[in-house]
Amino acid sequence: KGKCPEDGWDESTIELFLHELAIMDSNNFLGNCGVGEREGRVASGLVARRHYRLIHGIGRSGDISAVQPKAAGSSLLNKLTNSVVLDIIKLAGVRTVTNCFVVPMATGMSLTLCFLTLRHKRPKAKYIIWPRIDQKSCFKSMITAGFEPVVVENVLEGDELRTDVEAVEAKIKALGAENILCVHSTTSCFAPRVPDRLEELAVVCANYDIPHIVNNAYGVQSSKCMHLIQQGARVGRIDAFVQSLDKNFMVPVGGAVIAGFSESFIQEISKMYPGRASASPSLDVLITLLSLGASGYKQLLKERKEMFSYLSSELKKLADNHNERLLDTPHNPISLAMSLKNLDENNDAAVTQLGSMLFTRQVSGARVVPCGTVQTVNNYTFKGFMSHANDYPCAYLNAASAIGIKKQDVDVFLKRLDKCLKTSRKEAKQEKSVNEINNSNTDTEHLED
């Protein structure tokens, strides 16, 4: 049926299935005589076993989704993977998605592929309208494709940074719709930024006949992000949405899924990919989804949501204990932010130091964001980089509840963060006292003079 099985398979069944696929590839035929330049020859047995002897990769020189005659097994693997992933995207909330394919590139390059495909449809266009999100790869994806990003600053509503839809529409009118390649929006993001107003943006794109590409990097794991995409496609226009394999399906980095609501447009994107491609990302995600089954993946989504609630409540308690505040970002379903006002007021360097302290204590993924950082990316200068705004009111710390997180991860993180905050406050007080003594001595010297 080309769907993810409801119950996961055991490892021996999956291995048997992969071996059956592998013997359909010509490089594994008994008595095969290869006289071409690409015959699936592998020098190392270890490498061959690592890839289950599926050596030919996927696609053909003109289309990453095309069938290879001498690699029937690898081609079947590719077709099945795309079909199973499509089933999971529907299960996760985007019910009307019609087509998707796994591409062996991470999210940034996959977005670039989408933009390059649109270039042929809109030859006059040179701008991409982009509601600001301080993440380098999605910004570089537009530059690499040869387009000029038009950055639209976010609007501060309470603690949240939200899409300025009016400013997006104003940019369209100022630049001319025919000169705009697309609107490039984002769902999954670090708090206090929240997912873009996809429904409103989709309506604007439909009204002005402008394509709409969504960066859904780690949004498959969030029912809220997937609902936004579904609703955006229902009321307006979304041409494609791109998500990472590693962030959503817990596989090694190196793959993404490009999905959409027009089967023909998704096929156009797959045909834009030059040459064949590695089968490793497809193999990894197929093995993972066969082992989990639909029920196993749904259970992971449920656990992630429960851990988000737990992380939120416990981080709020810790923030209160340190006279800080859990920022109020109800529209962000994955990431949380805690203010660091006390550290920021005592010493600018103390905020950055907290990040170093956490990292050396083996806390990974937590982002400490100081105020006023200036960063230049491809000749474009961002003020307040990492905070998604020129002047966010305070420094803060991010933590996320992503798929696969366990209660133990949350508990250990909070315990180590508590210790680091106590140490930072103590050091900041000591430094303040030393500065006051030095200032007092300096004043005394001036009086004596």
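Backbone N, Cα and C atoms are what each Cβ position is placed from, and that goes for glycine too.
Annotation comment: TrEMBL describes Arg38 as pyridoxal 5'-phosphate binding site. Summarising the annotation, TrEMBL assigns substrate binding site to Arg60, Ser61, Gln68, Arg276. Marked as tRNA binding site by TrEMBL: Arg234, Arg361, Lys426. Positions annotated as N6-(pyridoxal phosphate)lysine by TrEMBL: Lys247. Summarising the annotation, TrEMBL assigns region 'Disordered' to 427-449.
Shown here: features listed in TrEMBL, placed on the structure.
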residue: Arg38; record: pyridoxal 5'-phosphate binding site; Cβ contacts under 8 Å, 6 or more apart: His56
residue: Arg60; record: substrate binding site; Cβ contacts under 8 Å, 6 or more apart: Ala66, Val67, Gln68, Arg276
residue: Ser61; record: substrate binding site; Cβ contacts under 8 Å, 6 or more apart: Pro274, Gly275, Arg276
residue: Arg234; record: tRNA binding site; Cβ contacts under 8 Å, 6 or more apart: Thr96
residue: Lys247; record: N6-(pyridoxal phosphate)lysine; Cβ contacts under 8 Å, 6 or more apart: Ser188, Ala217, Tyr218, Gln221, Ala402, Ile403
residue: Arg361; record: tRNA binding site; Cβ contacts under 8 Å, 6 or more apart: Arg416, Lys419, Cys420
residue: Lys426; record: tRNA binding site; Cβ contacts under 8 Å, 6 or more apart: none
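Residues Arg60, Ser61, Gln68, Arg276 make up the record's substrate site, and a Cβ search at 8 Å around their centroid adds Gly57, Ile58, Gly59, Gly62, Asp63, Ala66, Gly275 from the same chain.
Binding of tRNA is attributed in the record to Arg234, Arg361, Lys426, and the widest Cα separation among these residues amounts to 54 Å. Counted over all residue pairs in Arg60, Ser61, Gln68, Arg276, the record's binders of substrate, the longest Cα to Cα distance measures 10 angstrom. Take the CB of Arg276 (substrate binding site) and look out to 10 A: across all protein chains shown you find 21 other CB atoms.
Residue environment of Gln68 (substrate binding site) contains 19 other Cβ atoms, counted within 10 Å of its Cβ in all protein chains.
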